[in-house]
Amino acid sequence: MGKRRGGRELLRSLSKKQKKHLREFGEEHPFYDKVLLLLLLHSCFPFQSENSDKSSAESDSETELEQVSVYHKLLATLKTSPESESEEEEDESESEEAGESETEMDSGGSQEAGEASGDEDKNDVPEQKEATDTAEQMLGQEQTDGADTSCDLRVIEEFTDVKHESEFSLETNFMEEESGDCNASKRDSNSSQAFSEDPFKQHMDRELEEKEVEKISTLPKTSSQSKWPRLGQLTFSSTLEKHKTLKADKEVDARQLYLHKPLESTWPKVNKQFLSSVNKPSDPSFTPLQRELFCVMNTYQDLFYPERNALTNGEEIRHAYCLHALNHVLKANAQVLSNNAKRRDQKPGTENDDYRDQGLTRPKVLMIVPFRECALRIVHIFISLLEVNDKRKIDVSNKKRFKGEFGSDPEEKPPNLKRPEDYEAIFAGNIDDHFRIGVAILQKSMRLYAPFYSSDIIIASPLGMRTVIGAEGEKKRDFDFLSSIEILVIDQADIYLMQNWEHVLHLMRHINLLPLDSHGVDFSRVRMLNLNNWSKYYRQTLLFSALQDPQINSVFNKHCFNYAGQVAVRNVPLSGSISHVAVQLPHVFRRLEAENVTAVIETRFQFFINKVLPEYRDAIMSHTLIYVPSYFDYVRLRNYFKKEDLNFTHICEYTKKAAVCRARRFFLKGEKQFLLFTERFHFYKRYTIKGIRNLIFYELPTYSHFYSEICNMMKATDNEMDPTWTCTVLYSKYDAQKLAAVVGIDRTAQMLQSKKTVHLFVTGEN
């Protein structure tokens, strides 16, 4: 009873912001880590709050400094508060900013939540209330079942993870201690020549000149083509003159990969599930796809691979980039620990500029993934790669809590839910899209839930990053931890088009910027590339997607400045998804002319209401489904239909379940002539709409296989074909990529050359 009473009193003493933080953002900042630590310090040591406020005031007073140069600006931040205090302030900033932003973001991360209709927007209220109730129950469970909440030092150590903080600090560890080998320095000197040939060292140690940086920023890139056995058609582009086109390695020698220990021995075991008996004895550890992908990754060039498939090669690709990211982190940390030992052994008073081996902040790798399940699989891969054998298990802190928050309960899934295989693969496990977690790694141990400024790898969703970065003008925001990111992995980029693409763009605008605070960095160890604000020219971006889209291409072309160059896979689809249509019906592709990309939206709307819609107003053209990819277009059409008093119903991603059932029933019985249907609803639900006789694709679908799925719904009511069924598609010359994915490259070339309406009749075997 004493513990429970103490827990209740402790909860009552929390401020409103702290309670809101505990209820809504437990996964980002453990309530039993920072918040309770601060509370216990306030209750046990009242002077701590005054010192903290004083330090914060001093830090705020010193932010406005004279801007002489980049280097002097960074040196000026040395007078700020110590690292421990800055980390506490950073955590408080994240929690308060996240609490203010949570009400603006829906669980699906959709960009148009604010513009949904009033009755549809209320869908989020019960879910938020349920989440809040769950958070309160979890909070009560932790306080009743946990350790004593009194001012016990053991409790403070448990919740603040002080022990792990010292163990994972790069500044206080040395190579000998970390590796357990007293001859590490000798081994390091013997392998110095091999280390100099390491792609990691070659890429990070190269010093760019100002002329080269100016050339990368201003001049266009020169490109060349090459065809590889597995990846297919590759486009190599670079601005620098010394540009070499890679050739595919038919066989991979493990020694040429420069894998850091223990990855040389663990990778073949971890990757064994994807290998087959076809693999050559000289190449036993990589699949053909992984071999060519890793060949590009290991050169530290940017990579865009738009053929990721959750059913076939998704896990292969995940293992490949996890190997590359972990290899990079282990090498970087080993270099820092080795230099720590060298500095410790050097004579006092001697200055050496050869130990510049760090960035302005510690995080080196940022992984953007859509769901918690993806983060769970990545961490499991890291653990497997670090465990040499069953007897030598690595120490993973907070592992139980991580599994609880990122894992899923199999019983939560409805038993008789039938969905396509690709849907099951994408939405497997925990599909919460609001998360972020820091991971600190040394060779024998891993720390989960590490503060960002003590992490090597950050795994997050776009929404999770957005709530931390904040917006311009907000008091509580932080993006300094993104200043020295050396590898950026954006996996399943196509899913972010279904969530909120603006979050991705917001992240790209705030990555590799100069930090506003020093965060306790030793400037004598910082690389000159970071001091010169040239981090973005060294950052490698790995972009994986299931499709080619102009918005994804724009990120790769406009936000990636890697001096090493870029490699993009540019395969053209020979046969489109129209060949998978099992319904015999005519497909009418109607081309609209627009002056530019921005004018397409208005041109399409006017073309639809003036030329297409009048043909379907007749009662004989009932049961017409209008497929609308963009939510903004959906809202505009809905308002127009209401204004014209048309007999229609509508379904979008914000529609309540009861309203969806009514709309489907009205449409099936013919009580409603038109059904407005959004692409995102189909992406997240995959309901079969019955009663379709006429189809209108207001715009080509983002996913090409959605075209055949929607067309095949026409036989859901009756297997017999009706000669009166129709399918109309609107397109422009700016939809070339989507059009090629639907009808194939040959038909696309013909349709773009001709400005006439194209009629295609598909029998299901084309």
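Residue 1 is the first one shown; counting continues down the chain.
Note that Cβ sites are derived from N, Cα and C of the backbone, with glycine treated the same way.
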Expected hit for region 'Disordered' in TrEMBL across 170-202, 401-433 is 170-202
With the cut-off at Cβ under 8 Å and a gap of six or more residues from its ends, the chain residues touching the compositional bias 'Basic and acidic residues' (342-357) are 174, 185, 332, 335-336, 524-528
Mean pLDDT across the domain 'UTP25 NTP hydrolase-like' (300-567) comes out at 91
